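Here's the structure, in structure tokens; my notes come after.
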Amino acid sequence: MARVSLIPFKMEQQIDDTSEIPAGIEMMQAPKKWEEGYKGSDVVVAVIDTGCDRNHPDLRNRIMDGRNFTTENNSNLRNFSDQNGHGTHVAGTIAAVLNGRGVVGVAPEAKLLILKAFDAKGSGDFNGIIQAIQHAIKWRGGNGEKVRIISMSFGAKWDVPELHQVIRKAVTNDILVVCAAGNEGDGDARTTERMYPGYYKEVVQVGAVDNEGNMAEFTNTNDEVDLVAPGVNVMSTYLNGKYAKLSGTSMATPHVSGAAAVLIEQMEQEFERTLTEPEVYAQLIKLTSPLGYSKRVESNGLITLTNEPVYRGDSENPKEIKSLSKAKNNKMAGSGFVIPDVEV
């Protein structure tokens, strides 16, 4: 298969230090679930991206293992360090540690398997992505741990049969596969923008909203969207121990991956058995709240971690989100990876 290049993401802000629970994570009501004792403890999430800053103070104790599927870092299989920043940002939204400093992820006690399939320029190939998924399926931890979730914040315009096949295999092995919807939306729910693997029916396709519950105009719309999550001005971990705000369905996706980790921990304690992939998906959908948009935009709605009313995430006087009108003048460049038109 031919090499592909990915469109670089747009950074909204970069800072040296912070101490906060990001607004999107508050909006999803994750802190309430932590108070109940559920933080995604020991649930393994595989992140297929640009690697990770393995020395970041918010992440170094969350990374369980990793592997490099690129020629970067001298093709060293064990060197999955991130030279781009995108993968580090995604990893932080999933599982940054809860320690009162920096940021915190949705599932601050989840474990990360970092699978580097894209290099510093956001370039990779489908073979590397496929190999990364195969590795996630076969991987076992020192105590027999298995990958329960694969998080993929990238997309291509083509249906690659080999990619679809390995994703189906992952789902058959009871791995929940969570994918970005893409950032080519035009704000019109009647138009269709498809990105793969997000458009495959076997995966959880994630669209983006802002912290007010407004649909991000860049978010793709189609008939396979499953739900939406915060994806605008998302603060998370970044290179060299820093922090950054990014926007896009790439940022919405790890919110859902982290939520799935928290739900797996809780539900398996309650059921006293291992959940199947369809059962994990069903638990996610139970905790969505419709925002009043077309099903092609939000499908089941905004993912939260409780059944309590959803509140806007960035207001000193929060108001309950019930059914919000479509956002106006919200057009912006979404961050995330889109594979451009080349032959494969």
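Backbone N, Cα and C define each Cβ position, glycine as well.
Here is what TrEMBL says about this protein:
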DOMAIN    40-289  domain 'Peptidase S8/S53'
ACT_SITE  D49  active site, charge relay system
ACT_SITE  H86  active site, charge relay system
ACT_SITE  S250  active site, charge relay system
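If you measure from the Cα atom of S250 (active site, charge relay system) to that of H86 (active site, charge relay system), you get 9 Å. D49 (active site, charge relay system) sits 7 Å from H86 (active site, charge relay system), taking the C-alpha atoms as the reference points. The average pLDDT computed over the domain 'Peptidase S8/S53' (40-289) stands at 96. Packing around D49 (active site, charge relay system) is summarised by its Cβ count: 31 other Cβ atoms lie within 10 angstroms of its Cβ, all protein chains included.
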